[in-house]
Amino acid sequence: MSSALSPEGDRRYSDDSLSSVSTTSLVFERIQEKTEMDADNDKEKDPRALDDEDPLRDEDDLETGPFLGPGASLHREPMDRGLRRILIIVAVVFIGGWLAGLGIFIASGSYHHESDTEHDPDANSRGSGKSLSMDQLFDGTWSPKYHSISWIAGPKGEDGLLLEVGASNKPYIVVEDIRSDKNVATRDDAEPKASNSRTLMEHPYFEYDGKQYSPSWSEPSPDLTKVLLGVDRKKNWRHSFSAIYFVLDVKTQEAEPLVPDQVDARIQLASWSPKSDAVSFTRENNLYIRRLTGDKDVTQITKDGGPEYFYGIPDWVYEEEVFSGRSATWWSDDGKYLAFLRTNETGVPEYPVQFFIERPSGTTPEDGEEAYPEVEQIKYPKAGAHNPVVDLQFYDIGKKDTFSVEIDGAFADDDRIINNLLWAGDKAIVKQTNRVSDVLKVVLVDVPSRKGKTINTININEIDGGWFEISHKMTYIPADPKNGREHDGYVDSVIHEGYDHLAYFTPLDNSEPIMLTKGNWEVDDAPSAVDLANNLVYFIAAKESSIQRHVYSVKLDGSDLQALTDPKTEAYYDASFSKGAGFVFLSYRGPKVPTQKVISTPVSASSYERIIEDNAELADRARRHELPILKYGTLDLDTGVKVNYVERRPPHFDAKKQYPVLFHQYSGPGSQSVTKRFAVDFQAYVAAALGYLVITVDPRGTGFLGRKHRVTVRSKLGVHEAHDHIAAAASFASRPYVDAERLAIWGWSYGGFTTLKTLEQDAGRTFSYGMAVAPVTDWRFYDSIYTERYMRTPQDNPDGYDLSKVANATALGENKRFLLMHGVADDNVHFQNSLTLLDDLDLAGVENYDVHVFPDSDHSIYFHNGNRIVYDKLRNWLINAFNGEWLKVSNPQPQKDPVEKEKRHMVPQALV
């Protein structure tokens with residue numbers, strides 16, 4: 001779930017405002033609303049039935065009469081002539097004024113759906129534009145254009161090289177040197193080492209043995225003389241896939257199979273040697289090396305790979321929760337050694353994932369078995385079950401020898417999670433934790449001597465009682481005595497005084513680092529890059545605000561912290577640095593419309609700036625549409641906790657009215673939903689098009705407010721999160737513009753779990769409705785590595801698991817109604833979670849809910865139009881909830897048909 005679908009309801013706010021829409025248009029809107037409502041009422045069996053939720057209904061409305069029953073009529077007295085004359089005069093004056101106002105309105109041009117000003121999320125909405133639609137959310141209308149840049153290191157150490165694949169009007173794969181770009185201006189008369197672009201692959205296809213292939217994956221060799229090409233790509237799990245691989249010679253533009261004479265060999269992973277002379281690859285879970293020099297032979301490194309043994313690639317749980325990727329292979333920088341993970345799944349139980357509509361395996365069922373679903377058995381360790389046993393192995397390329405290194409005091413096989421490996425010259429730094437992620441060991445392996453030792457052990461229980469997060473940003477700093485670096489070292493994130501910060505460890509076995517950052521703020525998955533020539537470390541941090549991100553640099557001695565982006569301007573940045581850190585690809589993601597550009601770093605010899613994407617069309621679209629008014633703030637909850645929130649208000653927000661409220665959240669440990677990122681998503685649609693308030697709160701357990709805010713949820717997931725959402729809802733319910741009787745909450749994945757825990761804990765006292773998609777309902781059902789990091793094992797913490805389980809069906813029955821949706825083929829949060837909850841509800845006799853399941857859909861629910869159905873269902877269900885429709889079905893009664901009643905009266909009494 002670390003990578004699980006997590007909605008990002010990040011919005012900006014502005015001050016309160018009254019809509020600038022004219023009185024005339026408001027009159028038209030209310031007339032239209034009333035006309036539509038009357039038309040709807042005409043469809044009812046009883047045309048005089050009153051709708052208590054009708055905002056236009058007035059108790060003094062003579063057309064309906066507040067106390068008139070069916071068949072009743074009004075007796076009207078004749079109107080006095082003097083009064084009639086006065087009313088006629090008033091009507092004439094009103095119509096004249098209305099026509100004059102209409103003329104002024106048309107002349108002003110205010111009716112046009114556009115604005116000359118840039119979309120500013122901090123400004124008050126005019127409410128004069130076009131409306132958002134659900135179709136726009138699904139056709140990409142509101143998706144910012146984001147480009148990805150692949151920086152590559154030059155064969156001779158050149159900086160500023162970009163890899164472009166599939167760019168229009170260019171060869172298919174090209175290496176561009178931005179130092180030769182016309183936008184480069186040299187500083188201090190320094191000459192940029194300009195060079196021409198280099199074509200690696202001319203066309204988006206190649207031929208082999210008379211057959212044409214189109215690659216779906218590519219990776220150039222480090223010396224740029226060859227390109228690995230993957231074709232016929234087939235998805236495996238979230239990150240992994242298999243493909244048929246070829247090696248393209250750049251000079252001749254000719255390709256050959258990676259596995260000689262086996263053109264159809266399906267490969268799970270292929271990686272270049274740093275020297276470009278070999279490729280390691282995993283096939284059928286065994287590891288191989290294909291040499292590209294000399295006899296070009298293939299060496300099989302392992303031989304016992306198969307359904308239960310993996311080499312060089314992760315199994316399901318390691319791919320999902322540890323590496324967030326498909327590789328468990330690491331080449332040493334000199335190409336002499338290959339480190340790889342060996343995973344033994346022998347003891348891991350299997351979970352069956354059923355497919356009722358299609359057969360993902362592509363196999364044809366046996367005769368007579370066509371009507372049976374296909375069942376995929378996945379090795380899935382649930383909390384407390386047997387984990388895969390992993391150990392690290394090394395392969396000596398020259399000696400063709402595989403070996404492992406024993407470490408004194410290492411974790412036992414069933415209590416070890418290997419999180420990361422970093423090559424530091426001919427040494428390897430390995431980070432591993434115990435099973436429940438509260439003890440960290442850093443191991444240093446001298447690979448040539450085949451010896452290793454533990455250089456640092458940290459017990460988090462002695463610090464704050466929390467857990468260690470997994471990070472893959474550890475960066476090697478080689479020694480350079482002439483540049484002030486006497487020894488090899490590395491930069492890594494550490495816990496410092498309750499916050500995540502950067503530290504520089506040197507020499508490699510030093511456990512007392514130089515702190516590079518300090519303070520009551522946190523770095524974000526840092527470092528981003530290191531400039532070795534200038535002893536600078538670049539990183540992204542939430543320094544100015546926990547909901548913003550800016551780019552900074554700091555020297556390796558911890559001095560001279562500088563901002564690369566303007567910290568005085570509210571912003572949320574991502575950054576990707578060139579290999580030498582002389583250039584950076586800056587992605588501004590909000591709060592205004594996102595943009596992207598490449599610039600030179602301040603210490604670069606060249607001054608460079610190039611706009612990659614300005615999203616001009618999106619900016620223009622934002623000017624022409626009614627987007628929500630965004631208001632950010634912090635809430636002081638009744639527990640003394642401060643939480644961030646964002647409130648999305650309708651464009652025509654009127655503080656004198658009362659609005660129903662939808663709370664949207666994710667709430668997972670270390671996550672963050674309240675940020676300054678730009679997004680026009682389902683939450684924006686609900687606020688702007690449906691006219692509801694949509695609020696997101698980041699409760700305890702979420703990220704970037706310090707360790708204390710995060711780790712309080714350990715061993716009892718869902719308890720504090722639910723309490724904070726209830727307290728936040730109660731706080732908003734006390735505001736005059738909030739309809740306290742119409743509060744709902746929804747979420748997906750962990751957000752679905754938190755939705756149910758909130759409804760359970762609240763039992764209808766604050767929230768009336770909830771919508772949960774693909775929720776965990778019992779943490780015993782989720783995977784071991786994620787769950788035990790926050791909950792420990794069920795064997796050690798049975799009470800905590802009971803407390804976190806969505807178990808009080810009776811309390812759920814106290815809510816007005818809730819909605820549950822789940823994909824049947826969810827290999828992440830198993831359908832088992834929803835099924836067991838449904839059984840608990842049945843046993844308790846609880847029926848105030850609706851269910852929709854999606855055959856063959858996984859956790860993201862996309863199969864056969866599933867995703868659109870999810871959001872249509874959320875929309876329609878929510879409208880029915882806030883319109884009071886679900887109150888009508890809570891205790892349904894048969895309608896008495898007057899016609900049938902008359903017929904019954906005509907039947908002889910004896911026959912009745």
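Placement of Cβ uses the backbone N, Cα and C atoms for every residue, glycine included.
Source: prediction; values computed, not measured.
Swiss-Prot assigns the feature region 'Disordered' to one of the listed ranges (220-240, 451-471, 640-660, 892-912), namely 892-912.
Using a 10 Å radius centred on the Cβ of ASP826 (active site, charge relay system) and all shown protein chains, the other Cβ atoms total 21. Mean pLDDT, taken over the topological domain 'Cytoplasmic' (1-85), works out to 35 on the 0 to 100 scale. Taking the active-site residues SER749, HIS859 in turn and counting surrounding C-beta atoms within 10 angstroms, the largest count is reached at SER749. In the three-state DSSP reading, ASP826 (active site, charge relay system) counts as coil.
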